[in-house]
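> Got a structure for you, questions after.
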């Protein structure tokens, strides 16, 4: 049995094998920016309403330049260019009587008995379709947001109708839907108790259809995630709607207990239901397992909790790429993954064998009997047959479709494994959006992944060896919400190069790129491997594909600056920093690379020595994330220390520090000279000029960074010790502020 067959019928893969991943360290981003840094330097914008939560529904309208937001008791229209300005909001609360009924049913009137807007769709050129929970009375409405001439306008709901089967009752439940023409396809819970799970079609001219109720073979406690309309051919009669969800696996062995799996389901858009059986039910519904796992010798490690799916369109509308984020359901370890699927692989699974179980005590197997014609799951059209309607399907086709909705073979990810993994990072992936970017050496897919701690990860998919295998590289980690609220929805505008992120507490907007934060040197810009950015000869700026590509330096595939930046002379001269220490004391040599993925190496050149030797960790030497700590200083520690960042095999000097180790007597002379000096007016102190005379008679004007730590002699008074400790602390703090700088500033 191959891996595909083993993954399909689960008993052998119900266990989560973590032998190969349990000790895996989380991937570090090259650049990490806090909310404060984004706010101060990179233009993060936020929107929130007073006493309102749960911004779950986002809709981008590129034509009108608006972002529509659905939240608790409100629908808002924001500018795509700046969500903080020109916001228009309309209240849509649940009626008082509905809230009272909700409260009488045992729900909390303050947190549950509200109208939580879950669904927003563009209905036509002037109206939106919005649906909300309505205090456990699902309701939908058409909202006018533009005039016939295109002018932006906003009024209240013009047409109200029952939202049952369109949006959930309970605000804790997710809604997944797509509007195709005037038809709404939804995956929801259709009852107050949250037990009637259904895939439902409403609105439009075709009859309303749903899945078979209370049949675990069709749906078994599903959690709906996303819905897409994807054409199958040039004939619109072949169009299908694809549902992505997770559910309890009916095919799991009883001994394994309850097990969650991810699914992709399909229905035909022109399905009209059956004539004698499956009346007002789907006759073309099929589902297959969606696998995202890491192969291993002892078994596969499964990421079985589907969280979100993004459809990245291509030139051929029939073959988009599907990017999906998953998490684990195991308590053994915490992990998330991104898997990529092709529509050809999805269709291949639905054309494969059906899953079959003869009886309650039998195992699930591949169906070996005769499959009726037309094949269940095929749409009635002239492309694949002569049937013009599902009502014309023979009874044996309808009966087979009712009893065999599950496919035997799963859908495996491209490359056979996840594109990107994050294990033990302290967060879970919740949302994903993608953008296809033209770079100097090809086109690249850039992923934006939302987490449950309010961060967005920027990941690029690059070829790994021979195509089509790819790997994901983590470029950035951005804290877009100050309160670390979980990200619940994301929308992307490739046209405006903006990302819109929603959480329970607010909506945020960030640009897709921050080229100036990548560095001030050609090598830094090239090592970043950001397809949005390139070195223009003087700065890291936005890359625009033009005919003059030779003037822009960019290498996304390899990230190798050795050739591209060989002629770059900017910032090639390191400023020399002087650091002072006292025998038997300590000295801290600060050097923190901009990239968290860089490895720092230290070399030392003693006085009178021609060669640099590598500084190794020992009892007196401690490496830290921010630099090198030297303890028990000796006179022979004086010399030149060079800090070099190594990344992707490329070495880049960061800092050159000259350490002078002084005797206790020299340090004492300095202290007494300072105490005898008259108080200086406010401003920079120049006492170090006298101090440098002890080290460099006749010089010392070039010292722009000083730090001294010395032991306290035992014969000094306590008061003198206190004064010196305070003086040293002031000296350390002032130098730290001068030298550290922000993470987005260069160190030389």
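Glycine too: its Cβ is placed from the backbone N, Cα and C atoms.
These came from Swiss-Prot, pasted as-is:
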SIGNAL    1-25  signal peptide
DOMAIN    30-512  domain 'Sema'
CARBOHYD  82  N-linked glycosylation site
DISULFID  102-113  disulfide bond
CARBOHYD  124  N-linked glycosylation site
DISULFID  131-140  disulfide bond
DISULFID  268-379  disulfide bond
DISULFID  292-339  disulfide bond
DISULFID  515-533  disulfide bond
DOMAIN    561-659  domain 'Ig-like C2-type'
DISULFID  643-709  disulfide bond
REGION    708-748  region 'Disordered'
COMPBIAS  732-742  compositional bias 'Basic and acidic residues'
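A description of the local structural setting of each listed feature is requested, covering burial, neighbours and distances.
Per-residue confidence over the domain 'Sema' (30-512) averages out at a pLDDT of 93.
Secondary structure at residue 82 (N-linked glycosylation site), as computed by DSSP, is coil.
In the three-state DSSP assignment, the secondary structure recorded for residue 102 (disulfide bond) is helix.
The number of other Cβ atoms within 10 Å of the Cβ belonging to residue 124 (N-linked glycosylation site), over all protein chains shown, comes to 10.
Take the CB of residue 140 (disulfide bond) and look out to 10 A: across all protein chains shown you find 23 other CB atoms. Secondary structure at residue 140 (disulfide bond), taken from DSSP and collapsed to helix, strand or coil, is strand.
Sequence-distant neighbours of residue 268 (disulfide bond): residues of the same chain at least 6 apart with a C-beta under 8 Å from its C-beta are 238, 239, 240, 241, 284, 378, 379, 380, 390.
Annotation for residue 292 (disulfide bond): same-chain Cβ neighbours under 8 Å, separated by at least 6 residues, are 262, 302, 303, 304, 324, 326, 337, 339, 413, 418. According to its DSSP assignment, residue 292 (disulfide bond) is coil.
Counting every protein chain shown, the number of other Cβ atoms lying within 10 Å of the Cβ of residue 533 (disulfide bond) is 26. Secondary structure from DSSP puts residue 533 (disulfide bond) in a beta strand.
In the domain 'Ig-like C2-type' (561-659), the DSSP tally of helix, strand and coil residues is 7 helix, 48 strand, 44 coil.
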> By a simple count of other Cβ atoms within 10 Å, which of 102, 113, 339, 515, 643, the disulfide-bonded residues in the record, is least packed?
515
> Can you tell me which of the disulfide-bonded residues 102, 131, 515, 643 is spatially closest to residue 82 (N-linked glycosylation site)? Compare CA atoms only.
515
> When DSSP states are folded down to helix, strand and coil, where does residue 131 (disulfide bond) land?
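In the DSSP reduction, residue 131 (disulfide bond) maps to strand.
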> Taking just the CA atoms, what is the gap between residue 140 (disulfide bond) and residue 124 (N-linked glycosylation site) in Å?
15
> Are there any residues in the same chain, six or more apart in sequence, whose C-beta is under 8 angstroms from the C-beta of residue 131 (disulfide bond), and if so which?
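Those within reach of residue 131 (disulfide bond), by Cβ under 8 Å and sequence separation of 6 or more, are 117, 118, 119, 138, 139, 140, 141, 163, 166, 167, 175.
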